[in-house]
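As given in TrEMBL:
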type	residues	note
REGION	1-24	region 'Disordered'
TRANSMEM	76-100	transmembrane segment
DOMAIN	78-293	domain 'Cation efflux protein transmembrane'
TRANSMEM	146-166	transmembrane segment
TRANSMEM	178-198	transmembrane segment
TRANSMEM	235-258	transmembrane segment
DOMAIN	300-372	domain 'Cation efflux protein cytoplasmic'
Amino acid sequence: MEPSPVTGGSETTRLVTPRDRGAAAGGLRLKSLFTEPSEPLPEEPKPVEMSFHHCHRDPMPQQGLTPERLQARRQLCAACAVCCVFMAGEVVGGYLAHSLAIMTDAAHLLADVGSMMGSLFSLWLSTRPATRTMTFGWHRSETLGALASVVSLWMVTGILLYLAFIRLLHSDYHIEGGAMLLTASIAVCANLLMAFVLHQAGPPHSHGSRGAEYTPLEEGPREPLPLGNTSVRAAFVHVLGDLLQSLGVLAASILIYFKPQYKAADPISTFLFSIFALGSTAPTLRDVLRVLMEGTPRSVGFEPVRDTLLSVPGVRATHELHLWALTLTYHVASAHLAIDAAADPEAVLAEASSRLYSQFGISSCTLQVEQYRPEMAQCLRCREPPKA
């Protein structure tokens, strides 16, 4: 039995008799013959980088953490180490000084440690690839980490506000002014160091209530302004609240050190600066809830995106326009484009995608191109959503 030569280098088998092989063969025998193809075997298909307007902003997905998130991880690790060391010092100092304000600051540092560790976990989780169940990947875990950071601060602050109120009602406590002053001074230095580590320098960062804004670029295709990592931003705001509280505790400790009869400054400073810490988290909480509710990104407007799509040659109408975000920096868009019969769908798709990427920093967009029909103007489902 021997293989029969066939094209493409494949192999078949047939019987070989003595007559076929001549007198030298004594019986039936099996012969294996591997034919060598006349042409080399085809190589494995290699991934081809599509043009950037195909469906993604980047030609090929990046493996692992992005440079921005690598920097965020380094910042969070450094700040977490500093926070652990000084938190232990504040617990000891607050116990020796019998100061609720110092213990309040230590509790806030404990909340900082928990939130930073949660943020580090979410950064690691966000590097996992997309699956058939989690089709967008794990990007939103970063937003959930920021939400956990804010919620933890609110819970701890609520408990400390209650304890401060109890101290204002009952004055049966004593405070060691010297130990309180020393511990408060160290706490201010620790918070300054953590704020320096977590601060995202440059124009993208803003301490205002609106945060960093992105303005559409009319001069031409350029990279959009980054907004900074959400977890680092939440941790930075968290540390700012602790820093301001530490300053208040320091002022109260100076007063108590020189005027022990004003020991009520300890719970009063806890009360006032805890409220301020709650207010400082409001911008971050608002942005996180906007992302989780799949609202239009703050830096991208519905009308500008719609007008940009309508300005593409060949586009007569647009509907089913949706804008949302997975994180503060990862924006997604989808829309239906109704085009003229004579328009080239591929050209329209390429031009529309290019404008969304370059002018609004959309990270991923899905555009459906269809032929325009007059009845679309009366379709209820094709109408634009009302203004909120």
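Heads up, the Cβ atoms here are built off N, Cα and C, so glycines get one too.
Per-class residue totals from DSSP over the domain 'Cation efflux protein cytoplasmic' (300-372), listed helix then strand then coil: 25 helix, 28 strand, 20 coil.
For the transmembrane segment (235-258), the list of distant contacts is 76, 79, 99, 101-102, 104-105, 108-109, 111-112, 115-116, 119, 149-150, 153, 175, 177-178, 180-181, 183-185, 187-188, 190-192, 194-195, 198-200, 207, 265-266, 268-270, 272-274, 276-278, 280-281, 283-284: same-chain residues at least six beyond its ends, Cβ to Cβ under 8 Å.
In this model, the domain 'Cation efflux protein cytoplasmic' (300-372) carries an average pLDDT of 92.
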